[in-house]
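> Quick one: the structure is below, and I'll ask about it shortly.
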Amino acid sequence: MILNYFKIALRNLWKDRTFTFLNVIGLSTAFCAAFLLGMFAIFGLSFDQFHENIGSIYEVYTNSQTAKGTEISNANPIPFAEALKEEVPGVKKITRVANGGPLVTFGEKTLKLDVLWADRDFFDIFSFPVVGGSKINPLQNKSSIAITRTTAQKIFGEMNAVGQTVTMRRDNEDVPFVVSAVIEDIPEASSFQFDAILNFTDLPASFYAANKDRWDAHNHPVYLQLDAETSAAKFEKATAAFSNLHFADDIATAKRDGAKPNSDGEYRQIHLLPFEDISFTDFNSNSSKVNKTLPYLILGIAFLILFIASVNFINMGIAKGSQRLREIGMRKTLGASKGQLFLQFWGESIFVFSLSVFFGGLLALLLLDKFQTLFETKASFALIASPGIVLGLLLSLLLITLIAGGYPALLMSKLDTLLALKGKLQHTGKNKVRDVLMAVQFCIAILLISGTLVLWSQLDFMRTKDLGFNKEQVITLPLNTKKDRAQLLQLLRNALEGKPGIISVTAADNILGLGKDGRSSTIVMGFDYKGREVKTNLLNVDYDYPKTLDIELIQGRAFNKQYASDSLSIVINEAMAKEFGEKDPLSVRFLLNDSIQYSVIGVVKDYNFQGLNKTIEPISYFMNPSSPKYYAFIKVAPNNLSQSYDRVKEVWNTLEPDTEFLGSFLDENIDRTLKEERKMTTMISAGSILAIILSCIGLFAISLLVVNQKRKEIGIRKVVGASTSTITVLLSKQFLKLVVFAFLIATPLSWYLTTQWLQNYAYHINLSVWIFLAAGGIAFVIALATISVRTIQAALQNPVDSLKTE
Amino acid sequence: MITITDLEKYYATEEVRTIALNKLSFKVNEGEFVAIMGPSGCGKSTLLNILGLLDDPDGGSFVFNGIEVAGFNERKRADLRKHNIGFVFQSFNLIDELTVFENVELPLIYTGVKPAERKERVDAVLEKMQIMHRRKHFPQQLSGGQQQRVAVARAVINNPKLILADEPTGNLDSSNGNEVMDLLTELNETGTTIIMVTHSEHDAKYSHRIIRMLDGQKVTENVLSEYISK
Ligand SMILES: Nc1ncnc2c1ncn2[C@@H]1O[C@H](COP(=O)(O)OP(=O)(O)OP(=O)(O)O)[C@@H](O)[C@H]1O
Ligand SMILES: [Mg+2]
């Protein structure tokens, strides 16, 4: 009997080649997209899951009450971790972690490595297996370094790495480190990515030694593993006394400034963020949002695409069923039971689905490389393959075939024998199901199209918005060097200043946007001004900073070599001026570290020195010649930008032949910060294109059928005098009504969702009706074009031909 | 074999209620060949569908082989049907996607006959119907007469006690029609009961008895002279 089913399935599929082809194409594409998108999303969701202790690992962060509200920080003072473990019960293991990119030298080779500094417990908490050398603990000793397998190969080649000595530039001297262990390469799905790891106490003096006993210098995150018996909530409660003891000064300041205690009556509360959520968490000063939108959005898109393709399958299945009524009737007459008929038709569906899953999978494998490049992801099928995932995949495939293949099969097996024999459909109500499903398809397509348009507009807005500084003409350059930075900067200045195309050179200790070195940092400082605490972002700049970046000076003056006292002067932005609250900001004088008096000498116009998701915060420029400047900023002439870039590169290569030139224009840096947005936009664009194509495949198939069913009607209408255009309209109307209906449903939904999303950005576009009308219009035009292929052809047909076919 | 008493069937469509069968009663004995005649719309097909257990009457009694089957549910009817009754339709109703062999084999599949036996039995029937050489062909590749012979082969493959034929020659020319009628007569001679609906007086002459209907009722019943003489 199975063989009989199989045979008739194949013959039927072959007989309806067009449909089978459309079905397999649509489903294969949908499965391919679903596989790739699903893989991407699961990869994202599987981040850090490889740690054996993942359920009991947390990052420590603190909510502190200030006069302006609650502030959140995950930066802690150096003595914090050890004290926390000793004084609050429940901590099994704890580690401080800092990261950086120092230059490491072995013989002739100098490499810039991504380095972590951590405490011994690091390897007990996290699962980074050691493959060679000190199995016990790679961080046992000071002055030892553990490196990953790939790094070992890069530095030492085939040589045994363990026991070798490398030197690292620290505090302007070369410090030797002995390789204690080689660890397995860091999995792609790890939040920590590093080439080498060192003991935390080996950090530069300015970071570690200078702050060793200070409770007021917050500069690194802390991770801990709790005892099996201790819950995060219980632990958080137990830290109250600890916070009140060690941060008494901060709390006193907060109280004085008028901060209100939180609901538990505390001014400082330590919290634990589950490490599982780290890769989705965005710490900024007033929230620590766990944001899994992207992976779930992508899973959602994958689901919607599969839904659309499945609906096509259902609709074509029902439509095809109506052409097989006599077969169904005859089989029932001969004694086929409902179950047997269901199995037969469902079997045909399973066959088509299996074929599509196969082709879809194949296509996904072929496109994997392109996908990885396009979405800048390391996600691959091998990375996420696990028995659970495979089982889940099989189950969902079975479920999809059961629903999409089973529904038409069920309808057919339930047909009344006699009516089926006569070749009549039981009732016309089935078209309602079809119409609703098609409307939902177009609803999804319009939703995705309008989402795409909104994302595009916002992305374009963020890329082109005037940020208040010149991003087109300024090259940023990380000053990675083994020499003295100040000295290198001076050499750079000498070599560049006055050269054609170079307008001015300056430096600062922070970059704008994201440079080629991939680093960004925020330094926020608080101090007392007239009996209350004020907070500001801090930037150590060199001369000519506002001038080089075209940041407008609206009051006072910038730093000037003529004034020796400028090392005690600051330049602030408007937001900071507001913070001081003085009528004349230039009159502001304040004390830092209780002794040194600084004065404000100039005010610059507000500009977006952080992402556009944030409102402009206060910032203050300091001009301390001894503080290190990590980045040079070089303004070049507007014409011949690339020639000027090459000139800067040339100069760098003569000054620093051993280190890579990482210069980039500021607009590139801004673009680099929009990676997430770009990824999301590409995903949703791809999703909406697929959605509209698949919806139209379904529409095309149904229009084929309807036109076929109406051949006679069309012929008669033409005989009695209907024109081609009235017939085209007649045939198209019923489908276009669905698209209009879908538009009416999709628009408010899309409006709501995109408005929610735009709330993430302090600076965003205003939604206009046109975006939604455009989305609806696009869907309408594409749908019209799709059905016209068949309807116009049918309407043009000689009525004699169409009448003959009946 | 068949006894119907006061059989009734109505069709209710929106406003109008059609009485298709109006207190119809008659008897068919085992081994008989009965023709049913009457003008279009008088309820012949309706009657045949009920006799073939494809449909359920709205009133009256229908005793088949000593069992009252009026009111049987779809499942029970299907079970009785597939073992006892064969159908021949005016429009053949062969499945286009199956070959001649497979079409004839189909009833055996639904009654659960083993493959080896199926092949043997199908071959025997095809041989008898003289379409063995066409066994690999699809219905569209056959003439109308050949198609109807395949349909008859399919109807007899299960050795049913009763064959119901609804205008079996309606779509055929006279020579093909006569061939089919000869086939039915042959079957009847080997003991199969046949009830046939027809518009053709010529075809009706092949039967033993003609039941004439009008508006869902039996009007006359005449036993054919040749039969009496036998
Ligand atoms: N499914 C149905 N719904 C409504 N009325 C029906 C249905 N089937 C048959 N009828 C009506 O029942 C009556 C008897 O129909 P039936 O098909 O039995 O006639 P018939 O004698 O076989 O006619 P013909 O010789 O044309 O085949 C007719 O009036 C017909 O209109
Ligand atoms: Mg009839």
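Glycine is no exception: its Cβ is also placed from the backbone N, Cα and C atoms.
Heads up, here are the entries from TrEMBL:
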DOMAIN    A:20-239  domain 'MacB-like periplasmic core'
DOMAIN    A:301-415  domain 'ABC3 transporter permease C-terminal'
DOMAIN    A:688-787  domain 'ABC3 transporter permease C-terminal'
TRANSMEM  A:21-47  transmembrane segment
TRANSMEM  A:294-319  transmembrane segment
TRANSMEM  A:340-368  transmembrane segment
TRANSMEM  A:388-412  transmembrane segment
TRANSMEM  A:433-456  transmembrane segment
TRANSMEM  A:683-707  transmembrane segment
TRANSMEM  A:735-753  transmembrane segment
TRANSMEM  A:765-787  transmembrane segment
> Cβ under 8 Å, sequence separation of at least 6 from the ends of the transmembrane segment (A:21-47): give me the contacting residues as numbers and ranges.
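Residues 188-191, 278-280, 292, 294-296, 298-299, 301-303, 305-306, 308-310, 312-313, 316, 352-353, 355-357, 359-361, 363-364, 367-368, 371, 375, 377-381, 383-384, 389, 683, 686-687, 690, 693-694, 697-698, 700-701.
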> Can we call the transmembrane segment (A:765-787) and the transmembrane segment (A:433-456) in contact, meaning three or more C-beta pairs below 8 angstroms at a sequence separation of 6+?
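The transmembrane segment (A:433-456) and the transmembrane segment (A:765-787): touching, yes.
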> Under DSSP, the domain 'ABC3 transporter permease C-terminal' (A:301-415) has how many residues in helix, strand and coil?
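The counts are 98 helix, 0 strand, 17 coil.
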> State the residues, same chain only, that lie 6 or more residues beyond the ends of the transmembrane segment (A:388-412) and have a CB under 8 A from a CB inside it; answer 'none' if no residue qualifies.
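Those are 42, 306, 310-311, 313-314, 317-318, 320-321, 324, 328, 341-342, 344-346, 348-350, 352-353, 357, 430, in sequence order.
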> Grab the same-chain neighbours of the transmembrane segment (A:433-456) for me: Cβ-Cβ under 8 Å, and only residues 6 or more beyond its ends, written as numbers and ranges.
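301, 304, 307-308, 311-312, 314-315, 318-319, 677, 680-681, 684-685, 687-688, 691-692, 694-695, 698-699, 702, 735, 738-739, 741-743, 745-747, 749-750, 753-754, 757-758, 765, 767, 771-772, 774-776, 778-779, 783.
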> Over the span of the domain 'ABC3 transporter permease C-terminal' (A:688-787), count residues by DSSP class, listing helix, strand and coil in order.
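Looking at the domain 'ABC3 transporter permease C-terminal' (A:688-787) with DSSP, the answer is 85 helix, 0 strand, 15 coil.
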> For the domain 'ABC3 transporter permease C-terminal' (A:301-415), what's the mean pLDDT in this predicted model?
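Per the prediction, mean pLDDT sits at 86 for the domain 'ABC3 transporter permease C-terminal' (A:301-415).
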